[in-house]
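**Q** Pasting a structure here, questions to come.
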Amino acid sequence: MPQNPTAPEGAVVLARDVHVSLGGQPVLHGVSLTQPPGTVLALMGANGSGKTTLVRALLGLVPLQRGSVELFGTPVARFRRWSAIGYVPQRSSLTLRNATVGEVVASGRLGHRRPFLPRSRRDKEQADAALERVGLSGRQRDEMVHLSGGQQQRVLIARALAAEPQLLVMDEPLAGVDAENQQAIAEVVAGLVSDGLSATVVLHEMGPLAPLLSRAVVLADGRVSHDGPVSGVPATPGHETDELSPPDGGRAFLTQPVSPDHHHDDRGPH
Amino acid sequence: MDLLSYDFMQRALLVALLTGLMAPAIGTYVVQRRLALLGDGLGHIAIAGVGLALLTQSQPLPTAVVVAVLGGVLVELLRQRGRASGDVGLAILFYGGLAAGVLMAGITGAGAGALSQYLFGSLTSLTPADVVVVAVLTAVVLVPALGLSPQLFAVCADEDHARVLGLPVRTLNFLVVVLAAVAVTVSMRTVGLLLVSALMVVPVAASQGVVRGFRAGLLAAMGIGALVAVGGAVGSFYADVAPGALIVLIAIAVFVATWPLAAVLERRRRTSGGA
């Protein structure tokens, strides 16, 4: 098992021996991985395997008990070039009531903006371009609550793209998304990858993203059980049920309180 | 209007207008963070500040602002440390504040009666100095609440994403709570500390049904807040009732009145918006 990969020059993400506990419960036990630029890395595993926690650890959103994470060669604690990263969290982590599509996508530019100053022309252009990229041009005035789950997911991708990132980090972008929108998302990601973007994607199933994946890291109980080509990914149990798909097509989470634990692989509070 | 010929009424209306604008402005973020009852808790803590001011014979408003802000910082620290301990911690803090306020007011011999103008509002006893303090504190709340609205929106809507944007999320979270503490305390003379949360929350709820978008909702909530606060102040003058109670009941009436309108707008958007 490759637990201590040597650092290649210019890795966009490098994790060494990452240990994370949430609420006193150990979730990750020494995870190491490295992602070269221009590649698409899938983080896979069954529910509760720790894949969401891993992606949050890679972004510095949960503290490491042991080990280290580097983004673009800088330790995550000292990393400041956040506009290089476009983060697409799980939709269930949002609390948007009547925000419009335009407002959500515009917030992706905040890393470039100064406090108290209005949006620049470039901020507006990049937000519009990002929305066009996901095929939702002209929907700026629509409220998020009126979009389908798949459309909301595309808006969140546009928000990440508005920052003009070099690395896209997506957490379960296909969860609760209908087949048509899954295809649309895959096409967007394919276009971005051909433009040279790197992507780290937490996936429950590869779905239409499969042909884009350069490599897969599979977690089982907080450890790496597979790190290599996608073709070698073993079948994992628990794929047929998807607990993240609400029966109403994804509208409920906008109006009902969502437990903040929900996006931690059900491992308890952080 | 003859009520404007009274100096005390001019002051009352001005303060009602300012608090009506300010409370929903910060309330928008508080509601979005699902902390609708935060204002209530901060009001309880502010009562300790009023009690302390009575005990030390200092100015109630500045003392209560300081105590409520310190309480707000403590609340946010508890929240950031995790929900389990935070819940009970908040309850202890809130009721401790109320009890301490009543106790300190009692020690001065004034009793709970002296507290009542802060608990239920008393617009007509404002001094010119009070008005100046309220005006300054309104600016202190409104400048960041409006000027930093994209940043505060991002943090309240999606904290993790805001962190990955590189925003100072911790600082912005503290800012929301501190501004809420200031807004609560400033509003104590208008609606009273027991009802202040209603002025932060109800106009926000009313605006969300009828306007589209976060920023439009923020501005509409401020408009509704100003309208009900001034309307309630005027009404209380003629009807000779407590302004706080009337303001809150008018706000709730506006909220209820927006329901049919919201339903019509919602249906029209769904049919015209499409997928």
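For all residues, glycine too, the Cβ spot is worked out from N, Cα and C.
According to TrEMBL, the record shows the following:
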type	residues	note
TRANSMEM	B:12-30	transmembrane segment
TRANSMEM	B:61-78	transmembrane segment
TRANSMEM	B:90-112	transmembrane segment
TRANSMEM	B:132-155	transmembrane segment
TRANSMEM	B:167-186	transmembrane segment
TRANSMEM	B:192-211	transmembrane segment
TRANSMEM	B:218-239	transmembrane segment
TRANSMEM	B:245-265	transmembrane segment
**Q** Near the transmembrane segment (B:12-30), which residues from the same chain, at least 6 beyond its ends, have a CB less than 8 A from one of its CBs?
**A** 3-4, 36, 38-39, 123-124, 126, 130-131, 134-135, 138, 141-142, 145-146, 152-153, 156, 176, 179-180, 183-184, 186-187, 189-191, 196, 199-201, 203-204, 207, 214, 217-218, 221-222, 224-230, 232-234, 237, 243, 247
**Q** Looking at B:90-112, B:132-155, B:192-211, B:218-239, B:245-265, which one has the highest count of Cβ pairs under 8 angstroms to the transmembrane segment (B:167-186)?
**A** B:132-155
**Q** Ranking B:61-78, B:192-211, B:245-265 by Cβ pairs under 8 Å to the transmembrane segment (B:132-155), which is first?
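**A** Out of the listed stretches, B:61-78 contacts the transmembrane segment (B:132-155) most.
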